[in-house]
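Copied over from TrEMBL:
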| type | residues | note |
| --- | --- | --- |
| DOMAIN | A:1-314 | domain 'DNA-directed DNA polymerase X' |
| DOMAIN | A:51-70 | domain 'Helix-hairpin-helix DNA-binding motif class 1' |
| DOMAIN | A:91-110 | domain 'Helix-hairpin-helix DNA-binding motif class 1' |
| DOMAIN | A:126-145 | domain 'Helix-hairpin-helix DNA-binding motif class 1' |
| DOMAIN | A:338-417 | domain 'Polymerase/histidinol phosphatase N-terminal' |
DNA sequence: GCCGTTTTCGGCCCGACTGTTTTCAGTCG
């Protein structure tokens, strides 16, 4: 039973309670508890075992009991009662844009609609119009929304969302009267995927901005258009919201629309306790007098807190940390001195030469670069002899190229199905950096995958475990394994876990980073570059690390080249320190 | 259902926009 499964039961209970018109605050309680469980860095079962569930925010004794039931049996009594009343298909209707709990209740109770197909039938037969407050415009909108729901493939990866956001912001910044234009929302929090774009404009004259926004070249449909707020959908399917605010409100708005929702509720509740009111327009006192709001810092100052970086604003303890003066000093891209997982054209899938990689890394100000091509079991991977020759070539090149990063001779060695490594230990031991990764048998049972990784860690010749979960966002699920057991082994041997910065990997996740930090396991942020232009992608890894509360000291490649192996407790490192 | 430096009861963040209405409910963020 994974955290996500427990969370799903709670999410569904919230939705079912909402559809049957239950207490809205109870609905919110279910949802908040679900979100907490869903984003928990460690397994919820562990907290349950230690009877510490009620220590979590938004989890009281009642929900803690339900979580216990769910962990033991996969469900709970109240869930079963709700599920007996509300058909599951009804919950899916809530995911249709423009369809909320009231509409769902109406079509279900009055028309007998219990799933998406039923809703489409009701539209086609004209029965949907019988529902109160349902006119032709809404019926058409719902029909279109169903089509989009069926077609859409989920959230957009961060790197693509950033690309579109920058394009739109660039155009809006040229509109007369625009003082500032920024992206907020999950994009600003640097979540790995983004559902829609939230853009904010500071201007005294909203009119021209709204006109420019609605007439952007790739707008497919204008969904809403008001004086200060508009929504459009781009041809690629991305939903974009735009708000225009006066400059004196911009900071408050930036804070509010950056979220997350849980963070906002927590900080507004805190404001209420202090006799203040927060809105996207500013900070107000009891009489409604505006106190501040031009800068985002104003909002935090008003509630007695230091500014909190957007990546931390998930409602997972950042307010408490800020209050205690214990916010982490988050790692920055500038802190990274090198890159320890890079492929050259010597391995089958690398496309850039040593010189190209070196030149690109020099431009990025890197001090070192480990060339880590694939081992022999990968197609065209390197046999021991070829690898040793390659290492010689890398070291020679490093001497020859002057005034740039040092090139380190490394390898990305396969962890074979039995957990052994794809190259002899003496060959691996002669290299400057060894990344060990799983590239095959992803479907092994979890204990086998775990055992493979642990065995690799215990080999004494491995510096880091590459892309630990093997996931490809939107394409391949992570393989199941026991991260805690891997972290235990990694700590014991001083082996690092990789945070692979490729935008479709981002593996470790933010939650995994937090666990690694708690376990005292170093993290290495790598590009896994297969072409020289990939070297700049490290920033995506930095954002995940920041979301995982990591500081400079937690990251291996913030150290100079001479100190990379100082936390390793394997044989090779001991040899080296002699 | 959660929560507490006014509270263990009685609150629970706040506002814009739309479509359907003659004043507002529903949805969204």
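Each residue, glycine too, has its Cβ placed from N, Cα and C.
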| Local confidence of the prediction over the domain 'Helix-hairpin-helix DNA-binding motif class 1' (A:91-110), expressed as mean pLDDT | 92
| query | So, by DSSP, how many helix, strand and coil residues make up the domain 'Helix-hairpin-helix DNA-binding motif class 1' (A:126-145)? | reply | 14 helix, 0 strand, 6 coil
| query | In the domain 'Helix-hairpin-helix DNA-binding motif class 1' (A:91-110), how many residues does DSSP put in helix, strand and coil? | reply | 13 helix, 0 strand, 7 coil
| Residues of the domain 'Helix-hairpin-helix DNA-binding motif class 1' (A:51-70) by DSSP state, where helix covers H, G and I | 13 helix, 0 strand, 7 coil
